[in-house]
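Quick notes on the structure that follows.
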Amino acid sequence: MTNIRKTHPLMKVVNNAFVDLPTPSNISSWWNFGSLLGLCLITQILTGLFLAMHYTPDTTTAFSSVTHICRDVNYGWIIRYLHANGASMFFICLYAHMGRGLYYGSHVFRETWNIGIILLFTVMATAFVGYVLPWGQMSFWGATVITNLLSAIPYIGTTLVEWIWGGFSVDKATLTRFFAFHFILPFIILALTMVHLIFLHETGSNNPTGILSDMDKIPFHPYYTIKDILGALLLILALLTLTLFAPDLLGDPDNYTPANPLSTPAHIKPEWYFLFAYAILRSIPNKLGGVLALLLSILILALVPMLHTSKQRSMMFRPFSQFLFWVLVADLLTLTWIGGQPVEHPYVIVGQLASILYFLLILVLMPLASLIENKLTKW
């Protein structure tokens, strides 16, 4: 008798994706982040669901409803902080996953890569609207500043901003719709993740060497299920350590002050995971130019497959490209640091130089290094 997992219409799909999936035998721990992102998403949806049961999306009660969750709801404090720090873990895994893709040439799978970029935008949108919900000072002013950027769009800008706000400023209508968006977007992310996996399973996984591994595949279960469980345990350990020992480490103290439209915080800045993009936005002294640079800083990822000039897929055997990749990582860390600093000397010039280097590395230096490596290896 054939095994039910191979014949049942639903179990067959799960089996082909997570049990009998032929997987390269040499994929490293950098390949763990995909499953960790899935775990983060499920955690965020579950904690978010329980928070939504007690939260009220109204300007007069939003802040106090979050306080109520932390003080009066059974284990509300841990649910709230797991959700807030879970977002940070989500972005850590996301950036590691993207870095892995960039380093080992996963962008050669065009469809998977492009769905990944759409997923990144969706996750960023979800995190942004979610940050507005506690209705603290940074929530309010963050929403005001970021939505206001759309007013830089010629002709329709102002109308567009007021349409998003649902009025002439960030107010009750804005909060209500942001809550609605924050509730629906994770399910859109879930659907897009399915599409991401469908495209990935069309080609099979890449591996550290970047060489076709069809002749050396092993079943996903038990080899990679056990490896993923280890990764998951380490992620849960990190999340719980952060949540239980330093829940506010990555947050902003200003968000413990209720939103006040009449008082602007000294330094308006987003959460840490958006600081690199915020630094790029601020490094251009023109509103429209800054907005375009902000968009391009992420959209540039869509150009990466077209800029892949190397004859080898992975950077594993390409020392010049490896060096530039780590320069890019250092540059992004520098931008993240600058994004959290006030707009004054020397931070302004450092931010501008780091922004120029970011675009220069991806558009010019890395493709050029690949061509030089081709020449040196007489490929």
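Every residue number used here counts from 1 along the chain in the order it is shown.
Glycine is treated like the rest: Cβ placed from N, Cα and C.
DSSP assigns His182 (heme b b562 binding site) to a helix in the three-state reduction. Annotation comment: Swiss-Prot describes His83, His182 as heme b b562 binding site.
Within its own chain, His97 (heme b b566 binding site) has Phe33, Gly34, Leu37 as residues 6 or more apart in sequence whose C-beta sits under 8 angstroms from its own. Taken from Swiss-Prot, the feature heme b b566 binding site applies to His97, His196.
The annotation ubiquinone binding site is assigned in Swiss-Prot to His201. Under DSSP, His201 (ubiquinone binding site) is assigned to a helix (H, G or I) in the three-state scheme. Of all Cβ atoms in the shown protein chains, 14 besides its own fall within 10 Å of the Cβ of His201 (ubiquinone binding site).
Among the features that Swiss-Prot reports, transmembrane segment is placed at 33-53 (among others), with the record citing similarity to another entry.
Remote same-chain residues near the transmembrane segment (77-98) are listed as 30, 33-34, 36-37, 40-41, 43-44, 47-48, 50-51, 66, 69-71, 116, 120, 123, 127, 130, 235, 238-239, 242-244, 247, 250-251, 271-273, 301 (criterion: CB distance under 8 Å, separation of at least six residues from the stretch ends). Residues or ranges marked as transmembrane segment in Swiss-Prot (evidence: similarity to another entry): 77-98 (among others).
Taken from Swiss-Prot, the feature transmembrane segment covers 113-133 (among others).
Using a Cβ-Cβ cut-off under 8 Å and counting only residues 6 or more beyond its ends in the same chain, the transmembrane segment (178-198) has close neighbours at 17, 37-38, 41, 44-45, 48, 52, 55, 57, 112, 115-116, 118-119, 122-123, 125-126, 129-130, 132-133, 143. Per Swiss-Prot, the feature transmembrane segment maps to 178-198 (among others); the stated evidence is similarity to another entry.
Beyond the ends of the transmembrane segment (226-246), by six or more residues, the same chain brings 29, 32-33, 35-36, 39-40, 43, 78, 81-82, 85-86, 88-89, 93 to within a C-beta distance below 8 angstroms of the stretch. Feature annotation from Swiss-Prot assigns transmembrane segment to 226-246 (among others).
Under the heading transmembrane segment, Swiss-Prot lists 288-308 (among others), citing similarity to another entry as support.
Among the features that Swiss-Prot reports, transmembrane segment is placed at 320-340 (among others), with the record citing similarity to another entry.
Per Swiss-Prot, transmembrane segment is recorded for 347-367 (among others), and the stated evidence type is similarity to another entry.
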Original post:
By Cβ distance under 8 Å, which residues at least 6 away from the ends of the transmembrane segment (288-308) in the same chain are close to it?
Top reply: 98, 102, 105, 107-108, 110, 113-114, 117, 120-121, 124, 149-150, 152-154, 276-278, 280-282, 355, 358-359, 362-363, 366-367, 370
**OP:** Go through the chain and flag residues at least 6 beyond the ends of the transmembrane segment (113-133) whose CB is under 8 A from any CB in it; none is fine as an answer.
**Re:** 55, 57, 62, 66, 87, 90-91, 94, 98, 101, 106-107, 139-140, 142-143, 146, 174-175, 178-179, 181-182, 185-186, 188-189, 192-193, 195-196, 199, 270-271, 273-274, 298-299, 301-302, 304-305
Subject >> Rounded Cα-Cα span from His83 (heme b b562 binding site) to His196 (heme b b566 binding site), Å >> reply: 24
Subject >> Distance [Cα-Cα, Å, rounded] between His182 (heme b b562 binding site) and His201 (ubiquinone binding site) >> reply: 29
**OP:** Would you count the other CB atoms within 10 A of the CB of His196 (heme b b566 binding site), including those on all shown protein chains?
**Re:** 21
Subject >> His182 (heme b b562 binding site): tally of other CB atoms within 10 A of its CB >> reply: 22
